[in-house]
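One structure, pasted below without further comment.
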């Protein structure tokens with residue numbers, strides 16, 4: 001439907017920051033420490049230069065993605081309706097609330113329209129602030145109204161520039177995380193360069209601007225950076241309190257801006273739980289992180305008018321269960337290897353059972369079913385029985401929710417990122433296994449401690465957290481392609497940290513019996529610099545070509561449809577159609593919808609399945625009755641769905657509807673034995689023949705090469 005066509009014309013190194021670690025006061029070479037005043041001055045200079053580089057890279061990334069967006073769509077030249085259509089699917093829905101707040105007579109009236117919304121779902125009044133994560137749109141719209149910028153900056157540019165500006169925050173957070181882990185800002189520089197050169201796999205902000213993850217992931221990166229700093233040793237009490245506050249703020253903002261926050265933080269909580277059980281993190285700090293996650297999510301719950309999906313989240317149940325189980329098992333970290341393993345197994349089982357019981361109890365009390373489609377999808381995805389559930393199959397058939405394609409790894413390898421990441425991951429995983437075994441065994445033998453010292457140095461708490469974090473989010477990305485952006489960005493951090501880490505190179509050289517302090521320092525700086533030079537020479541020409549390629553937005557059929565709706569239908573008209581298209585209808589025309597792409601509501605999912613009967617094999621009177629029950633005045637049929645070829649047989653929308661309705665699918669191929677032929681032809685095909693049985697209920701009022709709009713008869 002929407003296409004992009006060609007536009008028509010009218011070095012150095014720096015000293016490592018003094019990173020507190022287990023080696024702070026160790027002088028293995030027996031040398032006299034350098035003059036402290038000179039070292040302090042050098043560290044201040046290093047931090048200053050590193051900070052300037054971080055900010056510069058962040059701003060350059062922001063300008064880079066903004067330029068790509070402009071060059072790809074010619075955004076500054078196209079009409080407003082074309083700009084709005086470019087916000088595809090759910091992006092258009094979210095942006096419509098920003099537009100609604102901007103156009104409201106006052107801020108109070110705009111907020112009232114969101115709290116008592118009757119245009120997003122026909123014949124229903126819903127609270128948008130409770131159902132959707134749109135506080136960022138509310139905040140931006142209020143900011144735009146009160147700042148004296150209306151004469152200089154259009155609302156749409158204020159919106160997209162904010163998102164592109166958040167990319168600067170994202171890159172700076174990744175840079176700082178890598179710097180904290182390795183002790184050198186050269187690592188942060190390498191992480192930022194990898195993020196930019198692997199842009200296809202690290203972000204999609206330039207073409208899905210309002211997507212919730214583009215708001216949330218920068219705050220998640222800030223939270224991870226703050227956790228990395230918190231896990232360093234020798235923090236002063238004031239530093240620790242400030243860091244905990246930063247973690248809480250970042251966690252709160254992350255939770256406020258994305259509906260899937262609870263699932264991402266659950267994985268983070270699992271990482272903390274694993275490391276705490278293996279005695280690789282300070283228990284007190286882990287407890288604070290559990291509490292921050294719970295409190296941040298509960299605060300969001302309050303702001304979202306006590307959203308039941310948040311209260312029934314697995315994250316809250318899991319974190320509460322861990323805290324309860326830890327209180328019950330007070331001597332979890334005492335005893336020998338077998339004793340500790342037994343306690344650990346019991347502890348894991350106790351936490352798992354408590355989590356399921358608490359979660360089931362909360363959902364029973366609240367009668368919560370908002371997230372059941374996610375668990376149905378996961379059950380079917382991982383092979384726990386086939387399903388005919390329409391919602392689960394809708395996700396299973398989308399490429400974004402499938403396995404991570406293998407060509408992702410070839411792209412990541414072309415920048416050397418995946419090779420270095422795999423090497424560092426293997427090395428630190430081996431170190432983690434050995435350290436975990438030693439911690440569980442509780443051995444006090446001096447000889448063993450000396451033998452394992454090198455492993456201990458390379459796996460400080462912050463590095464251990466980064467390791468488990470990348471492993472768990474890697475598993476998520478491998479299973480669900482849409483979540484790869486959580487993994488690939490941290491992959492840049494993890495690989496650059498390993499390449500620039502003194503402890504990692506010290507371990508490698510000691511294993512090869514080649515270790516000297518001078519050799520370690522030379523390798524630590526020379527290899528990252530060589531890598532940076534390789535990336536620059538190989539990818540700089542491609543980036544310049546990309547920035548010089550000019551295209552323009554081109555979707556005349558959708559533009560024609562939106563203009564027709566605005567000119568030929570009343571403002572109160574109710575439209576039915578596909579979720580993706582209706583989001584654009586709301587944004588471009590302000591008309592009332594029957595359904596929309598924000599799928600986290602059981603009633604909406606059932607409603608959507610009913611509306612989609614326009615693409616099933618149903619009688620015209622039945623379809624008319626269904627549509628009128630939702631107050632529909634007009635229905636939009638899309639040839640791209642009715643005659644879909646993008647998916648294979650069994651995954652086309654019409655196939656999913658046929659199976660859910662108990663009908664055999666179209667085309668050659670097998671059908672399940674209990675499926676039967678339908679008594680009626682496919683509605684979206686047959687209605688175009690203008691047969692009397694159809695024209696008595698539906699009148700064609702608009703059509704072009706892509707869309708067909710029918711007005712419904714209002715029978716008594």
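Using N, Cα and C of the backbone, Cβ positions are placed for all residues, glycine too.
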Could you tell me which of the ranges 372-393, 394-415, 416-437, 438-459 is annotated in TrEMBL as transmembrane segment?
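Result: 416-437 is the stretch TrEMBL calls transmembrane segment.
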Please find, within the list 243-260, 549-566, 567-584, 585-602, the residue stretch that TrEMBL describes as transmembrane segment.
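Here TrEMBL associates transmembrane segment with the stretch 243-260.
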Per TrEMBL, which of 157-180, 181-204, 493-516 is transmembrane segment?
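Feature transmembrane segment in TrEMBL: residues 493-516.
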Tell me which of 113-129, 130-146, 215-231, 606-622 corresponds to the transmembrane segment entry in TrEMBL.
215-231
Between the stretches 215-231, 243-260, 296-324, 344-362, 522-541, which one has more Cβ pairs under 8 Å with the transmembrane segment (266-284) than any other?
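Looking only at 215-231, 243-260, 296-324, 344-362, 522-541, the most contacts with the transmembrane segment (266-284) come from 296-324.
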For the transmembrane segment (522-541), give me same-chain residues lying six or more residues beyond its boundaries with a C-beta closer than 8 angstroms to one of its C-beta atoms, as numbers and ranges.
11, 13, 184, 186-187, 189-190, 193-194, 197, 415-416, 420, 496, 499-502, 505, 509
When you scan the chain for residues with a C-beta under 8 Å from the transmembrane segment (215-231), skipping those not six or more beyond its ends, what do you find?
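Beyond its ends, the transmembrane segment (215-231) has Cβ neighbours at 136, 163, 166-167, 169-170, 173-174, 176-177, 180-181, 240, 243-244, 246-247, 250-251, 253-254, 257-258, 261, 264, 281-282, 285, 289, 460-462, 465-466, 469, 485-486, 489-490.
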